[in-house]
Amino acid sequence: MAALSLKGVRKSYGGAQYVLHGIDVDIADGEFVVLVGPSGCGKSTLLRMIAGLETVTEGEIAIGGRVVNALEPKDRDIAMVFQNYALYPHMTVAQNMGYGLKIRGVERALIDARVQAAAQILELGPLLARRPRELSGGQRQRVAMGRAIVREPSVFLFDEPLSNLDAKLRVQMRLEIQRLHARLATTSVYVTHDQIEAMTLAQRVIVMNRGYAEQIGAPVDVYEKPATTFVASFIGSPAMNLLHGRLSEDGAAFDVADGPRLPVAGAAGAGRGIAPGREWILGVRPEHMTPQPGEAFATLAVDSCELLGADNLAHGRWGAHDVAVRLPHAMRPTRGETLPVALPARHLHFFDPATGKRAG
């Protein structure tokens, strides 16, 4: 195991426009960090640079205190798990798991011992004699993880390993990866576009956007205090409601652009840097708008209601803004119904419309 450090890491191709812009992060020994963002944000490029599959244009990558910019992937003491399992079809599970050690000249007895140990961790013991075609998608991904485990690397790198699995298997594999990290405590960097994977797996999340690290922090902090409108809209399902408008001179109301006046008394508290009488983007998550006794409320004309099982989502519009409200299972408003919604001051977020950055 080892700490991983990225200092001012930038990437461009042929001296053209940069695709990664000055990434700075220190990942502690044994920490599980998730890079999350939409397609094209630079997360996989950054992972490939850590692995040595892409060169570093500027900056420094260090593993265990050793700068690895000039080292080949095989010399970085890392193991990688890919989206595509990359298993040899003619080899058994045991042979696939041990092949990387075999080509490195590791003794057969040690290979067998490590394969057996990894198989026990991943519950692959009964499958060791099978070939990939005889395995399910989840089993194949566990074999790919086992191949990484037997290396006993300093750092695990996961490149969207669950993308090829169906929804049920993704949930199962998320739990298995959690248990694996709890058992091995190996430094891990995990790439995904799925914010649910990021929130459930990570000790810290790095939210990527257009080559920048928009926010780095614990999942709960990123969710509760998004640094930008991008983070607010990307993290959370459904996304945070973002409303353009103007805060009244007394700070007691927010006038949604082409929409209603909303009561927000107490939201622009002292020291939060939220100036009244100016334009803001107001953010509030759907679950914080559930009607509560005694809360200041507005009304929303319901366009549709999604029945999700444990809870429901009511949808409507304030001006040009789509608004979603999470409701308990028993509340199922119909189209055209007027729904009272809460706007608790403690759960309101204000963002600068010019920069998209959070205030306060």
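Cβ from N, Cα, C; glycine included.
Annotation source Swiss-Prot lists domain 'ABC transporter' at 4-235, citing sequence analysis. Marked as ATP binding site by Swiss-Prot on the basis of sequence analysis: Gly37, Pro38, Ser39, Gly40, Cys41, Gly42, Lys43, Ser44.
What Swiss-Prot annotates, mapped onto the structure for a quick look.
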residue	record	Cβ neighbours (10 Å)
Gly37	ATP binding site	27
Pro38	ATP binding site	13
Ser39	ATP binding site	7
Gly40	ATP binding site	13
Cys41	ATP binding site	24
Gly42	ATP binding site	22
Lys43	ATP binding site	28
Ser44	ATP binding site	21
DSSP three-state assignment (helix, strand or coil) for Gly42 (ATP binding site): coil
Three-state secondary structure, Gly37 (ATP binding site) (per DSSP): coil
Integer average pLDDT (0 to 100) for the domain 'ABC transporter' (4-235): 94
